[in-house]
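Just below is one structure, and these are the notes that go with it.
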């Protein structure tokens with residue numbers, strides 16, 4: 001029997017928002033039929049125009065807020081509704097944290113069958129200006145230079161004068177770059193035609209040391225009038241220690257190419273997380289919110305509860321940041337990462353910080369763990385910080401065979417976290433603590449750190 005759909009495209013309806021979607025959309029129902037509304041908040045009555053209808057849900061465009069929520073605030077950014085960078089600026093920060101906590105709780109219960117207390121989200125004192133890295137496409141439309149983020153679900157560049165989640169000095173750098181492009185009529189890359197030269201700008205700021213790296217991404221090696229830009233950037237701004245040109249001649253959405261040349265200054269900047277020093281190059285992975293990264297890693301250390309004689313296994317060690325934190329309290333840490341360049345950076349970071357109780361290994365953790373077991377090496381604690389897609393099931397099974405007393409799972413996606421925890425619970429682990437951390441304020445993203453303890457059969 002065909003399901004009757006109670007709404008029609010291009011029609012207008014009043015709607016009560018009774019829930020929130022995973023990307024911060026308001027959710028309401030008409031005759032039990034679900035409607036998603038970007039920009040609406042739980043508890044509001046809104047007027048919407050239906051712009052998309054599927055058999056199980058519809059999407060409504062917010063036309064009018066009939067009854068606003070007490071948690072609604074005026075977004076500070078004047079391009080907030082056009083830009084794809086933030087999704088929650090219209091919510092009070094307290095409500096953003098409530099939303100993120102509920103998002104984690106819902107995912108664990110609905111997708112993992114795990115009913116557990118979720119702690120209040122560890123938020124920021126100031127939820128703005130927290131990003132230490134920004135990379136922006138550069139384009140031209142009707143003769144006007146645009147530097148900014150892409151509009152949602154498009155490659156249309158929304159020009160920005162100021163971004164409230166990136167470091168303020170990046171705003172000044174972008175302004176100088178735009179003036180230079182206009183003054184010298186600098187060739188700008190057209191991604192449709194694969195013509196032109198200047199593609200992206202990336203700015204990396206070391207919050208602790210104040211050092212700034214500016215990366216100009218071009219299609220060609222030639223960069224006319226670069227001396228004028230270098231002079232302006234270095235004269236007008238404090239902290240600039242590195243200006244780099246990165247060449248990317250490929251027809252691709254990948255921002256950085258493989259070849260870089262130093263135009264001025266150094267080839268890296270230095271920053272700290274806790275007491276550890278890290279060298280950052282254009283291609284280095286480094287957490288974009290160093291303030292909350294320290295909060296997150298200290299929580300990982302707390303959950304691991306190391307006494308000094310434990311062996312720890314870090315299954316997605318990247319450039320070694322969590323491994324180094326764990327090394328402070330562990331007897332030995334083994335860090336594994338499939339990307340060779342990341343392992344080389346991890347080894348360098350260990351040397352630079354005089355850490356000698358960490359071994360970094362290139363490979364897949366699901367293959368390395370059995371090799372370590374064969375050598376008689378067993379972990380007391382396993383830490384995983386996987387990409388958004390979560391862990392391979394074979395890794396979870398290998399971890400369970402190693403049977404560590406504790407697993408500390410750091411996740412950037414509640415859905416894949418819930419799936420993986422469900423698997424681990426079947427393999428003999430119990431979820432004990434769930435702590436969300438707000439790493440990406442004003443966006444729908446949330447980081448979560450989990451403590452699991454072993455209760456299964458040690459002989460398996």
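A Cβ is built for glycine as well, from the same backbone N, Cα and C atoms used for every other residue.
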From 337, 364, 405, the one annotated by Swiss-Prot with 287, 316, 385 for S-adenosyl-L-methionine
337
What does the DSSP secondary structure composition of the domain 'TRAM' (6-64) look like, as residue counts for helix, strand and coil?
0 helix, 36 strand, 23 coil
Please report the distance from the Cα of residue 412 (active site, nucleophile) to the Cα of residue 385 (S-adenosyl-L-methionine binding site), rounded to the nearest angstrom.
8
Looking only at the domain 'TRAM' (6-64), mean pLDDT returns 97
Residues satisfying Cβ distance under 8 Å from residue 385 (S-adenosyl-L-methionine binding site), sequence separation of at least 6:
314, 315, 316, 318, 322, 409, 410, 411
Tell me whether residue 337 (S-adenosyl-L-methionine binding site) sits in a helix, a strand or coil according to DSSP.
strand
